[in-house]
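> Sharing the record's features from Swiss-Prot:
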type	residues	note
BINDING	Thr12, Thr13, Ser14, Thr266, Gly309, Gly409	ATP binding site
BINDING	Thr12, Arg82, Glu83, Tyr135, Asp244	sn-glycerol 3-phosphate binding site
BINDING	Thr12, Arg16, Thr266, Gly309, Gly409, Asn413	ADP binding site
BINDING	Arg82, Glu83, Tyr135, Asp244, Gln245	glycerol binding site
Amino acid sequence: MSSFILAIDQGTTSTRAILFNEEAKLVHYHHVEITQYFPQGGWVEHDPEEIWDSTLLCCRNVLEEASLRAADIAALGISNQRETTILWDRHTGQPLYRAIGWQDRRTVNFCEQLASQAGVLAKFVEKTGLILDPYFSCSKIKWILDNIKGAYEKAKRGELAFGTVDSYLLWKFTGGKCHATDATNASRTGLFNINQQRWDDELLTLFDIPKSLLPTVLDNCAQFGFTDLDLLGHKIPITAMIGDQQAAAVGQACIKPGMVKSTYGTGCFMLLNTGDQIIHSRNRLLATIAYRLNDTVTYGLEGSIFIAGAAVKWLRDPLHLIEKANDSESMASSVEDTGGVYLVPAFTGLGAPYWDPNARGALFGLTRNTQREHIVRAALEAVCYQSKDLVRAILNDGANLTTLRVDGGMAANNWLLQFLSDILGVNVDRSRCIESSALGTAFLAGLGAGLFDSLEEMTGLWQADRHFIPQMDPKKREELYDGWQKAVEKTLTPAAPLLFP
C-alpha cells in the first residue's frame with residue numbers, strides 16, 4: 001500500500017521536494033537553487049519554466065535517491081512562495097512574461113495613486129484584509145496586462161490564465177487539466193474577498209482585471225487532480241495546496257487561536273492564529289486566511305518582513321564578507337556586540353509594521369574600528385529587531401505571547417535564536433523539523449488522502465528540537481531596541497505612502 005507523502009516547497013531562492021512517511025517523519029529531501037533576476041532597481045523576477053523544471057527535477061531525484069517509485073506515493077502536496085505572479089497562455093502553456101516576485105516594487109506609484117482615491121483604501125482593506133502595496137498579486141497582474149503587447153486583449157478573450165506559483169505548478173503537473181488555487185494563496189492576491197470567500201467583482205473592476213484569468217478556489221485539502229502519467233511514471237493524487245507561511249503554521253501545530261509561529265527564510269513571516277475571527281489590525285498587520293478545511297475558515301494575523309535570510313545572502317554574494325551563509329553564526333559570536341552598528345535592510349522597502357516601499361537600506365554607526373564581524377552581526381540582529389517590531393504590534397492588537405515557535409533555514413542558527421529570545425523577552429522553540437512548510441503540506445496532503453483522520457492527530461506529532469530562554473538584562477534589551485528604532489526612523493522616507501485607512 002502506498003504510504004509515503006511527497007511535499008513540494010517552492011520558495012524564493014530554491015525548490016525542495018521532501019518525502020515523509022505515514023508518521024510524518026522526514027525520509028529524504030532534494031533541493032535545487034533557482035535564479036532571481038533584478039532587471040531594474042526594485043524589480044524582482046523569476047523564470048517560470050525554471051521554477052517548473054526545478055520542481056520536476058526535485059521530484060524525480062528525491063524518489064530515485066530514496067529508492068522509491070511514484071507508485072509508492074499516496075499523496076502529493078504543494079506549498080509555495082506567495083503573491084509571485086505568473087500569466088500564461090491557456091493553449092500553449094507558455095508564460096507571457098517572467099514571474100514577478102513578491103518582493104517586486106515596480107507598481108508602487110500605481111498603488112499610491114489608487115490609495116489616494118476617496119474610499120478605495122478602506123474598501124480594499126475591509127474586503128481583503130491586506131494593504132494597497134506592490135507586495136500583492138493584483139497590481140502585478142495589472143502591470144503585465146498594461147505593459148505586455150496584446151496581453152489585455154488576450155485576457156479579455158479568455159486566452160490567458162493567472163496563477164500564483166501553486167496554480168502554475170498544478171497546471172503543469174496535470175498537463176493543463178486543472179486551473180485552481182487554494183484559499184490561502186487566493187487571499188494574498190488582493191482580489192479575493194476573505195469575508196465572502198470568493199473573487200470580488202468590485203475589486204476586479206477596480207484593477208480592470210478580466211475574471212476569466214482567475215483559477216477556481218478550493219479548500220487546502222481537496223482533490224486537485226493527478227500528476228500526468230508521463231512526468232513521474234505513475235499518476236499521483238494531488239490532495240493539498242497551501243501558501244508557504246500558512247503551511248509552516250500548520251507544520252508548527254499552530255492550530256489553536258493565540259498560537260504564533262515565525263518563519264525565517266528569505267524574509268520573515270510571523271503568523272498568529274485568530275480562529276474564526278477576522279481581526280483588522282490597529283497596528284499595521286495583515287488579516288489573512290490561515291487555512292480552510294471543509295469550507296470552514298481559520299483566519300490569521302500576519303506580519304511580513306521582506307529581508308531576513310536575504311540579508312545574509314547580501315553579505316555573501318555582492319559584498320563577499322562571508323564565504324558561506326552559516327559563517328554568519330561564528331562571525332557574529334566572535335564579537336561582543338556590533339560596535340554600535342545598525343543595519344536597516346530596507347533593500348526592497350520596509351514591510352510590517354512600517355510599510356514604506358520607498359525606504360532603502362542603510363548602515364549606521366560605522367567608525368574606523370568597525371570590522372566585518374560587526375556588520376555581519378548587525379545583519380543578524382536586524383532580523384531579530386524586525387521580529388520585535390512584529391511582536392509589539394501583535395501584543396498591541398491584544399494577543400498574549402509567551403512562546404514563539406520558529407522554523408526556516410535561518411532557524412538553524414543557534415546564536416540568532418538566542419539573541420531573538422533575548423531581544424523579545426520570550427521563550428523561543430525551534431521545531432525538530434525546520435522544514436515546517438513542507439511538514440505542514442505533508443500533514444494536509446496526508447489528511448486529504450485519508451492517511452490522517454484529523455488536523456489534531458497530525459499536529460500532535462509536532463516536537464521541539466531546542467528551547468531558547470531570555471538571558472539578557474531588560475535594561476540592555478531596551479537600550480539596543482531603542483537604537484534600532486532610531487536607525488529605522490532615519491531610514492523612513494519623509495512622505496511614506498498612506499497604505500492604511
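Placed from the backbone N, Cα and C atoms, the Cβ positions cover glycine too.
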> Which of the three DSSP states, helix, strand or coil, fits Thr12 (ATP binding site)?
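Assignment for Thr12 (ATP binding site) reads coil.
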> If you count CB neighbours within 10 Å, which one among the binding-site residues Arg16, Arg82 has the smallest count?
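Sparsest of the binding-site residues Arg16, Arg82 by Cβ contacts within 10 Å: Arg16.
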> Comparing the binding-site residues Thr12, Thr13, Gln245, Thr266, Asn413, which residue's C-beta has the most other C-beta atoms within 10 angstroms in this structure?
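Of the binding-site residues Thr12, Thr13, Gln245, Thr266, Asn413, the highest Cβ count within 10 Å belongs to Gln245.
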> Cβ within 8 angstroms of the Cβ centroid of Thr12, Thr13, Ser14, Thr266, Gly309, Gly409: which residues besides those meet this for the ATP site?
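Result: Gly11, Gly265, Ala310, Lys313.
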> List the Cα distance (Å, whole number) between Arg16 (ADP binding site) and Gly309 (ATP binding site).
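Distance (Cα to Cα, whole Å): 17 Å.
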> Can you tell me how many other Cβ atoms are located within 10 Å of the Cβ belonging to Ser14 (ATP binding site)?
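Its Cβ shell of radius 10 Å holds 16 other Cβ atoms.
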> For Arg82 (sn-glycerol 3-phosphate binding site), which of the binding-site residues Thr12, Thr266, Gly309, Asn413 has the nearest Cα in space?
Thr12
> Given the binding-site residues Tyr135, Asp244, Asn413, which one's Cα is the least distant from that of Thr13 (ATP binding site)?
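So, of the listed binding-site residues, the one sitting closest to Thr13 (ATP binding site) is Asp244.
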> Around the glycerol site formed by Arg82, Glu83, Tyr135, Asp244, Gln245, which additional residues qualify by having Cβ within 8 Å of the site's Cβ center?
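What remains near the Cβ centre is Gln81, Thr84, Trp102, Arg188, Gly243, Phe269, Ser304.
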> Are there any residues in the same chain, six or more apart in sequence, whose C-beta is under 8 angstroms from the C-beta of Tyr135 (sn-glycerol 3-phosphate binding site), and if so which?
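Counting only residues 6 or more apart in sequence, the Cβ neighbours of Tyr135 (sn-glycerol 3-phosphate binding site) under 8 Å are Glu83, Trp102, Gln103, Ser304, Phe306, Gly351.
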> Long-range neighbours only, meaning 6 or more apart in sequence with Cβ under 8 Å: which ones does Asp244 (sn-glycerol 3-phosphate binding site) have?
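Within the chain, Asp244 (sn-glycerol 3-phosphate binding site) has Cβ neighbours under 8 Å at Asp9, Gln10, Gly11, Ser79, Asn80, Gln81, Arg82, Thr263, Ser437.
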> Around the C-beta of Glu83 (sn-glycerol 3-phosphate binding site), how many further C-beta atoms are within 10 angstroms, looking at every protein chain?
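So the number of other Cβ atoms within 10 Å of Glu83 (sn-glycerol 3-phosphate binding site) is 26.
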> Measuring Cα to Cα, tell me the gap between Gly309 (ATP binding site) and Asn413 (ADP binding site) in whole angstrom.
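Between the alpha carbons of Gly309 (ATP binding site) and Asn413 (ADP binding site) there are 11 Å.
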> Tell me the Cβ neighbour count for Gly309 (ATP binding site), meaning other Cβ atoms within 10 Å of its Cβ, over all protein chains shown.
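A count of 21.
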> What whole-number Å value do you get for the CA-CA distance of Gly409 (ATP binding site) and Gln245 (glycerol binding site)?
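So the Cα of Gln245 (glycerol binding site) lies 13 Å away from that of Gly409 (ATP binding site).
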> If you measure every Cα to Cα pair among Thr12, Arg82, Glu83, Tyr135, Asp244, the residues listed for sn-glycerol 3-phosphate, what is the largest value in Å?
15
